[in-house]
Amino acid sequence: MKAAVLVFPGSNCDRDLAVGFRSAGFEVEMVWHKETALPAGIDVVGIPGGFSYGDYLRCGAIAAQSPIMRAVADFAGQGGHVLGVCNGFQVLCETRLLPGVLMRNGGIKFVCRAEPLVVASATSPFTDGYSIGDRIAVPVAHHDGNYQIDDEGLSALRSEDRIAFTYADNPNGSRADIAGVLSANRRVLGMMPHPERAVDVAHGGTDGSVLFASLAAALVAA
(Lines of atoms letter the chains of each structure in order from A and count residues from 1; the text may use other names and numbers.)
(Lines give C-alpha, C1' and ligand atoms only; values in the text may rest on other atoms or scores of the structure.)
Protein backbone atom coordinates (compact mmCIF):
# COMPACT_ATOMS: atom_id res chain seq x y z
CA MET A 1 0.00 0.00 0.00
CA LYS A 2 1.22 3.45 -0.87
CA ALA A 3 0.22 6.89 0.40
CA ALA A 4 1.09 10.27 -1.09
CA VAL A 5 1.34 13.10 1.45
CA LEU A 6 1.16 16.57 -0.06
CA VAL A 7 3.50 19.34 1.05
CA PHE A 8 2.59 23.02 0.61
CA PRO A 9 4.55 26.10 1.69
CA GLY A 10 3.42 26.42 5.30
CA SER A 11 2.51 22.77 5.86
CA ASN A 12 3.77 21.69 9.27
CA CYS A 13 2.04 18.36 9.86
CA ASP A 14 3.10 16.52 6.71
CA ARG A 15 5.68 14.39 8.51
CA ASP A 16 3.20 13.67 11.29
CA LEU A 17 0.68 12.44 8.72
CA ALA A 18 3.36 10.27 7.13
CA VAL A 19 3.96 8.69 10.55
CA GLY A 20 0.24 7.96 10.83
CA PHE A 21 0.17 6.18 7.49
CA ARG A 22 3.37 4.27 8.22
CA SER A 23 1.91 3.07 11.52
CA ALA A 24 -0.60 1.07 9.46
CA GLY A 25 1.97 -0.31 7.04
CA PHE A 26 1.80 2.25 4.24
CA GLU A 27 4.79 3.23 2.17
CA VAL A 28 4.76 7.03 2.02
CA GLU A 29 5.92 9.41 -0.68
CA MET A 30 5.97 13.16 -0.05
CA VAL A 31 4.64 15.19 -2.99
CA TRP A 32 5.46 18.89 -3.50
CA HIS A 33 2.60 21.25 -4.35
CA LYS A 34 4.06 22.20 -7.75
CA GLU A 35 3.89 18.64 -9.08
CA THR A 36 1.24 18.12 -11.75
CA ALA A 37 0.75 14.39 -11.25
CA LEU A 38 0.59 11.95 -8.37
CA PRO A 39 3.16 9.15 -8.18
CA ALA A 40 2.19 5.87 -9.82
CA GLY A 41 0.52 3.23 -7.69
CA ILE A 42 -0.92 5.55 -5.06
CA ASP A 43 -3.72 4.13 -2.91
CA VAL A 44 -4.50 7.21 -0.83
CA VAL A 45 -3.64 10.91 -0.78
CA GLY A 46 -3.10 12.66 2.54
CA ILE A 47 -3.49 16.44 2.78
CA PRO A 48 -1.84 17.57 6.02
CA GLY A 49 -2.43 20.23 8.60
CA GLY A 50 -0.55 23.48 8.87
CA PHE A 51 -0.93 26.95 7.39
CA SER A 52 -0.60 26.46 3.64
CA TYR A 53 0.50 29.69 1.95
CA GLY A 54 0.23 31.42 5.32
CA ASP A 55 -3.58 31.06 5.29
CA TYR A 56 -3.81 34.19 3.12
CA LEU A 57 -7.21 34.99 1.57
CA ARG A 58 -8.88 32.06 3.39
CA CYS A 59 -7.47 28.94 4.97
CA GLY A 60 -6.76 26.49 2.15
CA ALA A 61 -7.92 28.84 -0.61
CA ILE A 62 -4.56 29.24 -2.35
CA ALA A 63 -3.54 25.62 -1.82
CA ALA A 64 -6.78 24.58 -3.53
CA GLN A 65 -5.50 26.25 -6.71
CA SER A 66 -2.09 24.55 -6.68
CA PRO A 67 -1.13 22.23 -9.57
CA ILE A 68 -1.15 19.06 -7.47
CA MET A 69 -4.74 19.60 -6.36
CA ARG A 70 -5.94 19.19 -9.94
CA ALA A 71 -4.38 15.74 -9.88
CA VAL A 72 -5.97 15.04 -6.49
CA ALA A 73 -9.39 16.07 -7.80
CA ASP A 74 -8.96 13.71 -10.74
CA PHE A 75 -7.82 10.93 -8.39
CA ALA A 76 -10.85 11.43 -6.15
CA GLY A 77 -13.14 11.58 -9.18
CA GLN A 78 -11.89 8.15 -10.20
CA GLY A 79 -12.73 6.69 -6.79
CA GLY A 80 -9.40 7.29 -5.06
CA HIS A 81 -9.17 7.65 -1.29
CA VAL A 82 -8.27 11.06 0.15
CA LEU A 83 -7.76 12.09 3.77
CA GLY A 84 -7.61 15.79 4.63
CA VAL A 85 -6.67 16.73 8.19
CA CYS A 86 -7.15 20.23 9.66
CA ASN A 87 -5.78 22.54 6.93
CA GLY A 88 -6.25 19.57 4.61
CA PHE A 89 -9.97 19.57 5.45
CA GLN A 90 -10.08 23.27 4.62
CA VAL A 91 -8.40 22.58 1.27
CA LEU A 92 -10.93 19.84 0.46
CA CYS A 93 -13.80 22.24 1.15
CA GLU A 94 -12.19 24.95 -0.97
CA THR A 95 -11.84 22.49 -3.88
CA ARG A 96 -15.48 21.40 -3.40
CA LEU A 97 -14.43 17.80 -2.91
CA LEU A 98 -16.34 18.15 0.35
CA PRO A 99 -19.29 20.42 1.18
CA GLY A 100 -19.32 23.25 3.67
CA VAL A 101 -16.78 25.81 4.86
CA LEU A 102 -14.41 26.20 7.81
CA MET A 103 -14.62 29.55 9.57
CA ARG A 104 -12.94 31.29 12.52
CA ASN A 105 -13.59 29.48 15.80
CA GLY A 106 -16.63 30.72 17.65
CA GLY A 107 -14.49 31.83 20.59
CA ILE A 108 -12.03 33.65 18.27
CA LYS A 109 -9.20 31.70 19.90
CA PHE A 110 -6.75 29.06 18.74
CA VAL A 111 -7.76 25.73 20.29
CA CYS A 112 -5.02 23.17 21.01
CA ARG A 113 -5.85 20.17 23.19
CA ALA A 114 -7.00 16.57 23.14
CA GLU A 115 -10.68 16.64 22.27
CA PRO A 116 -13.29 13.92 22.87
CA LEU A 117 -14.99 12.85 19.64
CA VAL A 118 -17.97 10.63 18.96
CA VAL A 119 -17.90 8.25 16.00
CA ALA A 120 -21.02 9.11 14.00
CA SER A 121 -20.54 6.77 11.03
CA ALA A 122 -18.76 3.42 10.94
CA THR A 123 -19.51 2.64 7.30
CA SER A 124 -16.54 4.08 5.46
CA PRO A 125 -13.04 2.79 4.72
CA PHE A 126 -11.71 5.24 7.31
CA THR A 127 -14.13 4.47 10.14
CA ASP A 128 -15.27 0.86 9.91
CA GLY A 129 -12.78 -0.15 12.61
CA TYR A 130 -14.82 1.90 15.07
CA SER A 131 -18.39 1.40 16.25
CA ILE A 132 -21.05 4.08 16.10
CA GLY A 133 -21.10 5.95 19.38
CA ASP A 134 -17.50 5.20 20.29
CA ARG A 135 -15.89 8.05 22.22
CA ILE A 136 -12.30 8.64 21.19
CA ALA A 137 -9.68 11.21 22.16
CA VAL A 138 -7.99 13.00 19.26
CA PRO A 139 -5.97 16.24 19.46
CA VAL A 140 -7.18 19.43 17.80
CA ALA A 141 -5.05 22.46 16.91
CA HIS A 142 -6.84 25.12 14.89
CA HIS A 143 -8.00 28.70 14.71
CA ASP A 144 -10.46 28.20 11.85
CA GLY A 145 -12.19 24.91 12.58
CA ASN A 146 -15.76 26.16 12.83
CA TYR A 147 -17.54 23.97 10.25
CA GLN A 148 -20.62 25.55 8.70
CA ILE A 149 -23.06 24.29 6.09
CA ASP A 150 -26.52 25.36 4.98
CA ASP A 151 -29.73 23.57 5.97
CA GLU A 152 -29.97 21.63 2.72
CA GLY A 153 -26.38 20.49 2.94
CA LEU A 154 -26.72 19.44 6.57
CA SER A 155 -29.86 17.47 5.75
CA ALA A 156 -27.98 15.66 2.98
CA LEU A 157 -25.05 14.83 5.26
CA ARG A 158 -27.41 13.38 7.84
CA SER A 159 -29.62 11.42 5.46
CA GLU A 160 -26.61 9.98 3.62
CA ASP A 161 -24.72 9.09 6.83
CA ARG A 162 -21.80 11.30 5.83
CA ILE A 163 -20.99 12.84 9.21
CA ALA A 164 -17.98 10.79 10.27
CA PHE A 165 -17.18 12.36 13.65
CA THR A 166 -18.79 14.85 15.99
CA TYR A 167 -17.39 16.73 18.97
CA ALA A 168 -18.57 15.54 22.38
CA ASP A 169 -17.86 19.04 23.72
CA ASN A 170 -17.91 21.43 20.77
CA PRO A 171 -14.71 23.55 20.96
CA ASN A 172 -15.25 25.87 18.00
CA GLY A 173 -18.93 26.43 17.22
CA SER A 174 -19.18 23.91 14.37
CA ARG A 175 -22.73 23.36 13.22
CA ALA A 176 -24.25 20.15 14.59
CA ASP A 177 -20.95 19.55 16.45
CA ILE A 178 -19.43 18.27 13.18
CA ALA A 179 -15.73 17.33 13.36
CA GLY A 180 -15.41 15.38 10.10
CA VAL A 181 -17.41 14.64 6.96
CA LEU A 182 -17.33 12.15 4.10
CA SER A 183 -17.85 12.53 0.37
CA ALA A 184 -20.86 10.95 -1.31
CA ASN A 185 -18.83 7.87 -2.28
CA ARG A 186 -17.36 7.73 1.27
CA ARG A 187 -13.78 7.67 -0.05
CA VAL A 188 -12.88 11.27 0.83
CA LEU A 189 -12.73 12.21 4.50
CA GLY A 190 -12.04 15.65 5.89
CA MET A 191 -11.65 16.23 9.62
CA MET A 192 -10.30 19.01 11.83
CA PRO A 193 -8.90 16.77 14.62
CA HIS A 194 -5.49 15.16 14.05
CA PRO A 195 -5.67 11.32 14.11
CA GLU A 196 -1.97 11.16 13.20
CA ARG A 197 -1.20 12.66 16.62
CA ALA A 198 -2.95 9.75 18.35
CA VAL A 199 -1.11 6.69 17.06
CA ASP A 200 1.42 6.14 19.85
CA VAL A 201 0.90 5.53 23.56
CA ALA A 202 3.92 7.71 24.26
CA HIS A 203 2.07 10.64 22.68
CA GLY A 204 -1.01 10.23 24.84
CA GLY A 205 -3.14 7.62 23.11
CA THR A 206 -3.79 5.47 20.07
CA ASP A 207 -7.41 6.20 19.17
CA GLY A 208 -6.32 7.69 15.85
CA SER A 209 -4.47 4.55 14.81
CA VAL A 210 -7.80 2.80 14.21
CA LEU A 211 -8.51 5.17 11.33
CA PHE A 212 -5.28 4.33 9.51
CA ALA A 213 -5.65 0.61 10.23
CA SER A 214 -9.24 0.68 8.97
CA LEU A 215 -8.17 2.24 5.70
CA ALA A 216 -5.35 -0.28 5.30
CA ALA A 217 -7.73 -3.18 5.88
CA ALA A 218 -10.24 -1.79 3.39
CA LEU A 219 -7.58 -1.43 0.71
CA VAL A 220 -6.27 -4.96 1.30
CA ALA A 221 -9.80 -6.35 1.07
CA ALA A 222 -10.67 -4.43 -2.09
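The backbone N, Cα and C atoms fix where each Cβ goes, and this holds for glycine too.
Feature annotation from Swiss-Prot assigns active site, nucleophile to Cys86. The annotation active site is assigned in Swiss-Prot to His194, Glu196 on the grounds of sequence analysis. Residues or ranges marked as domain 'Glutamine amidotransferase type-1' by Swiss-Prot on the basis of sequence analysis: 3-222.
The DSSP secondary structure for His194 (active site) is coil. Averaged over the domain 'Glutamine amidotransferase type-1' (3-222), the predicted model has a pLDDT of 96.
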